[in-house]
């Protein structure tokens, strides 16, 4: 989505405004390398477990889409690492601008969208804890998931196609140099749309968690003195979603506003431009951290995922049998895919 940012230099006095290569070519590639290995292991394990869990609720459907999105994002990290570390050739940098950078932002906003849907689902679970999903609701969740993927794909595809200019030299410093005139216009349009996507989901998270907090407080007042400590612990787990959302996505979208201004208007001096660049890259790394934090959501909020993971760690060959046990419980009327009612 924001391919222009990844390999960019600031406008204006670009040749005079240099950056610390130890940060741009060493530190950030090392940080992304850590994320790559941690994310590949945790999300690969999550994918294996989710293949064994039936989609018996909207919650599970949204989680499965999230893990797919996270894995796609993680697979773009090696290209960014090589490009940022200046270890790649000209064709690699062109490939990053044209493909992997676009996929990175494509998956970021898919993850944001599904976190918003998961938040709505958790609010419904809080207010109506014993409501079960019916086939019609499940079909609606699947259709909505397909619509999100299709919409983001249609937004992203032109960014790939319209990055079609031949580089003037081997070292492509700005992805915008490779975009056609309409490609630059489309890129700007997509940026605005993605901003809208974020702020809509930001409002969803704020509103839903305000209502969830009120509902949990009412529940606490009603049961005060009864001593239901285990239940209180379960209630707290739901707040992991808002924690992940604010840690990973909020800083980047606030930092992005002044950074974009520094890229489009010559209103900052060199020191300010570099500071904004480092802040943008740091917060962009936090958005990538989401791929490593999402498995905590799966573990704490999805009982069948947690049970399967614990069983797999204790005995790798028992995961399949546990999946069969889960399906048997579902046939008997239980739903092991949901957390204990809040």
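Residue positions begin at 1 at the first shown residue.
Note: Cβ is positioned from N, Cα and C throughout, glycine not excepted.
These come from Swiss-Prot:
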TOPO_DOM  1-27  topological domain 'Extracellular'
CARBOHYD  6  N-linked glycosylation site
CARBOHYD  13  N-linked glycosylation site
DISULFID  17-270  disulfide bond
TRANSMEM  28-50  transmembrane segment
TOPO_DOM  51-61  topological domain 'Cytoplasmic'
MOD_RES   55  phosphoserine
MOD_RES   57  phosphoserine
TRANSMEM  62-82  transmembrane segment
TOPO_DOM  83-97  topological domain 'Extracellular'
BINDING   93, 97, 105, 156-159, 175-179, 187, 191, 256-259, 263, 280  ADP binding site
DISULFID  97-175  disulfide bond
TRANSMEM  98-118  transmembrane segment
TOPO_DOM  119-142  topological domain 'Cytoplasmic'
TRANSMEM  143-162  transmembrane segment
TOPO_DOM  163-185  topological domain 'Extracellular'
TRANSMEM  186-207  transmembrane segment
TOPO_DOM  208-233  topological domain 'Cytoplasmic'
TRANSMEM  234-259  transmembrane segment
TOPO_DOM  260-278  topological domain 'Extracellular'
TRANSMEM  279-298  transmembrane segment
TOPO_DOM  299-342  topological domain 'Cytoplasmic'
REGION    319-342  region 'Disordered'
COMPBIAS  333-342  compositional bias 'Acidic residues'
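Feature annotations (Swiss-Prot) mapped to structure.
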residue: 55; record: phosphoserine; DSSP (3 states): coil
residue: 93; record: ADP binding site; DSSP (3 states): helix
residue: 159; record: ADP binding site; DSSP (3 states): helix
residue: 175; record: disulfide bond; DSSP (3 states): helix
residue: 187; record: ADP binding site; DSSP (3 states): helix
residue: 257; record: ADP binding site; DSSP (3 states): helix
residue: 270; record: disulfide bond; DSSP (3 states): helix
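Spatial neighbours are here defined as Cα atoms within 10 angstroms of one another, and by that definition the neighbours of residue 175 (disulfide bond) among the recorded positions 55, 57, 93, 159, 187, 270 are 93. Long-range Cβ contacts of the transmembrane segment (234-259) within its own chain (Cβ-Cβ under 8 Å, at least 6 residues beyond either end) map to 5, 108, 112, 115, 118-119, 122, 125-126, 195, 198-199, 201-202, 205, 209, 212, 216, 219, 276-277, 279-280, 283-284, 286-287, 289-290, 293-294, 296-297, 300-301, 339-340, 342. Put simply, of the binding-site residues 93, 159, 177, 187, 257, the one whose Cα is nearest the Cα of residue 55 (phosphoserine) is 159.
Here is what falls inside 10 Å of the CA of residue 159 (ADP binding site) among the recorded positions 57, 97, 270: 97.
Broken down by DSSP into helix, strand and coil, the topological domain 'Cytoplasmic' (119-142) contains 17 helix, 0 strand, 7 coil. Of all the recorded positions listed here (57, 97, 270), 97 has the Cα closest to the Cα of residue 187 (ADP binding site).
When Cα-Cα distances from residue 97 (disulfide bond) are compared across the recorded positions 57, 156, 177, 257, 270, the shortest belongs to 177. A gap of 46 Å separates the Cα atoms of residue 57 (phosphoserine) and residue 177 (ADP binding site). Cα of residue 257 (ADP binding site) to Cα of residue 270 (disulfide bond): a span of 18 Å.
For the pair formed by residue 270 (disulfide bond) and residue 177 (ADP binding site), distance between Cα atoms is given as 21 Å, rounded to the nearest Å. A contact between the transmembrane segment (98-118) and the transmembrane segment (279-298) is present, since 3 or more of their C-beta pairs, 6 or more residues apart, lie under 8 Å. Ranked by Cβ pairs under 8 Å to the transmembrane segment (279-298), the stretches 28-50, 62-82, 186-207 are led by 28-50.
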